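Copied from TrEMBL, the annotated features are:
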- 116-339: domain 'Radical SAM core' (DOMAIN)
- 130, 134, 137: [4Fe-4S] cluster binding site (BINDING)
- 342: N6-(pyridoxal phosphate)lysine (MOD_RES)
Ligand SMILES: *Cc1c(COP(=O)(O)O)cnc(C)c1O
Ligand code: SF4
């Protein structure tokens, strides 16, 4: 959605066609890099990277907005942000134990786009799209098309929440829920807050990190208006992902009364050192965010090269305890299908 004042602020770019009427973040999303060769070229990676990038792209398409690209060091194939978004030939290698749906989510969907696995909390898939495609994502094979509900299907999901008075928290997830328009989100939140037993609205998102402009007036409008208590769980894996624009976006969320938490995935070659994890926690706190979970990798097919063994993961967190205050230590967890909560390691 776009307000009149936003439209006036959008200066026409003489080099390109006139902009369609959309918010700035939507323009950035629409212009994200989706071509593996272009990604390599823009980052100064030579042609040797092309075949692998194309093979990985065929399995799970490339998506990287400029706002994220600008934080990647050009010419460095081991950059921790690049590792998260550059497809590699390794993704085509099949590894025992790595499967398409490691969390068996398909078995926990009582209504379309709704996952009810844990007591008191229900997860709603508010948008199938993401602002960035993370190579290690456990949803890389998720049947999104079947899980992007229409308004009529939303009614079925909302009815499930309405009928179950043990539910106190609605979690908007995806994909990335903030890839939905503010008009859609305001519509949904209005219906959720009308359900008396709901107390909290939680949003699991990577969008404010990837495209900080997502935290605009339209979003802050519906977020400020709701009676529900608000928690935003961001997804940040490395300190370099937090630049000044991300900090500014987080400040706006905090000012709107949002509790900010972060979840990370422990990833080989991205954040698999005490130094990297400690720097991440410190940087999160500078942005007003508390570390919440450090997930071990879900065994999704195509991501085995990111795996860090359990023993090493425990050692890393023990190392963090030696250098950080307790409130900056994330909980090291694994998601095991069929369990009633995340499982601490
Ligand atoms: C992770 C998850 C939640 C939230 O779990 P918390 O431990 O409360 O953060 C809820 N529902 C599903 C399906 C999940 O995977
Ligand atoms: S933003 Fe989240 S859901 Fe989307 S690709 Fe990345 S990890 Fe997966």
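Note: Cβ is positioned from N, Cα and C throughout, glycine not excepted.
No curator has checked TrEMBL annotations; they are predicted automatically.
Feature map: TrEMBL annotations on the structure.
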residue	record	contacts (Cβ under 8 Å, 6+ apart)
130	[4Fe-4S] cluster binding site	63, 137, 174, 175, 176, 179, 206
134	[4Fe-4S] cluster binding site	84, 85, 206
342	N6-(pyridoxal phosphate)lysine	293, 295, 331, 333, 334, 335
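What surrounds the [4Fe-4S] cluster site, by Cβ distance within 8 Å of the Cβ centroid and not counting 130, 134, 137, is the set 132, 133, 135, 136, 139, 140, 206 from the same chain.
Here the domain 'Radical SAM core' (116-339) returns a mean pLDDT of 95 for the predicted model. Under the three-state DSSP scheme, residue 130 ([4Fe-4S] cluster binding site) falls in the coil class. With a cut-off of under 6 Å between the Cβ and any atom of ligand 1, the binding-site residues 130, 134, 137 reduce to an empty set.
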